[in-house]
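Visitor: Here it is: the structure, laid out below.
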Amino acid sequence: MERNTRVVKVANLKIGGNNPIIIQSMTNTNSADVEATVKQINNLEKVGCQLVRMTINNIKAAEAIKEIKKKVSLPLVADIHFDYRLALLAIKNGIDKLRINPGNIGSDENVKKVVEAAKEKNIPIRIGVNSGSIEKEILEKYGKPCVDALVESAMYHIRLLEKFDFFDIIVSLKSSNVKMMVEAYRKISSLVDYPLHLGVTEAGTKFQGTVKSAIGIGALLVDGIGDTLRVSLTENPVEEIKVAKEILKVLDLSDEGVEIISCPTCGRTEIDLIGLAKQVEEEFRTKKNKFKIAVMGCVVNGPGEAREADYGIAAGRGIGILFKKGEIIKKVSESNLLEELKKMISEDLENKKD
């Protein structure tokens, strides 16, 4: 199933429609610290981030946007809570997109002022609903955060922005409860055609957060829901990008990146397959080319079981084989497996250039 969402422009990016899914992250620096924030944004860009959000929690942070913009090339999103005037200041200083939280931005009149300023500069707004900060009235109606509460909050503010003749809208409905988050996105995707920003909020540390994000975001992407995403981890933001890229890669939603498949090992394994798989992953981790490598621990069954891989190695004690698309190419010594694999792939890629 595919959703045909409308397209919203954020600086030079197009989000929605048939455009590729955009990967986002968020800085964890003091936004007023220009040097530290610029350094982190540029590090995020190096690993594949395409859009960066930064908290604008005071006047100094809002004023820093102008200087930060001079030193980075990625579009920037201002994360606004409580004080609508900070949104106005962020717009004045050249922000590319706003994220407002309906639960704490204030009165409709405040929202109108933000919308008018954003419209004048062609700046899109993400309505970022969060299960932890749903409006008091809606929370009282439902008794606790739930799917319907998230959707009602989002729909109210979508209609409010539309009333002010504003349609450059992106929507998110985040929760730390994966099931609630998935159901909320599915429901709103049937109600509006605005691009959806996917994410599990407060997902947790690297391991748990990766699992929760892969399940929540992945389930929606399989349904054809989602136009941009952020994996939230209690970790260096660079790790968020690595996980996000992997999610897109395994769902065949990315045009680049090497996918490594490897067997889980069993009693037939006679080499350090875990170490070998990690070596292969590290060697090809940064490659832009799109292909699949199999690392198998059994020379008898390995090539056949990994037939869908473009390239592969299978190893026994002291000896291994190289294979392509399940067909054995040659036998090599165990110690030369990685080097021979690199050589085979490198030669293939060079031939494709010609």
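Keep in mind that glycine also has a Cβ here, set from the backbone N, Cα and C atoms.
Okay, so Swiss-Prot annotates it like this:
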BINDING   Cys263, Cys266, Cys298, Glu305  [4Fe-4S] cluster binding site
Visitor: Enumerate the residues of the same chain, Cys263, Cys266, Cys298, Glu305 excluded, that satisfy the criterion Cβ within 8 A of the mean position of the Cβ atoms of the recorded [4Fe-4S] cluster site; list them in sequence order.
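Guide: Going along the sequence, the neighbours come out as Pro264, Thr265, Arg268, Thr269, Met296, Gly297, Asn301, Gly302.
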Visitor: Under 8 Å Cβ-Cβ from Cys298 ([4Fe-4S] cluster binding site), six or more apart in the same chain: what's there?
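Guide: Within the chain, Cys298 ([4Fe-4S] cluster binding site) has Cβ neighbours under 8 Å at Cys263, Cys266, Arg268, Thr269, Ala314, Gly316.
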Visitor: Would you count the other C-beta atoms found within 10 angstroms of the C-beta of Glu305 ([4Fe-4S] cluster binding site) for me?
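Guide: Step by step: centre on the Cβ of Glu305 ([4Fe-4S] cluster binding site), count other Cβ atoms within 10 Å, giving 17.
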Visitor: Translate the DSSP assignment of Cys298 ([4Fe-4S] cluster binding site) into the three-state scheme.
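Guide: Note: Cys298 ([4Fe-4S] cluster binding site) is coil by DSSP, not helix or strand.
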Visitor: Please work out which residue of Cys263, Cys266 has the most C-beta neighbours within 10 angstroms of its C-beta, and give that one of the binding-site residues.
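Guide: Comparing the binding-site residues Cys263, Cys266, the most crowded Cβ belongs to Cys263.
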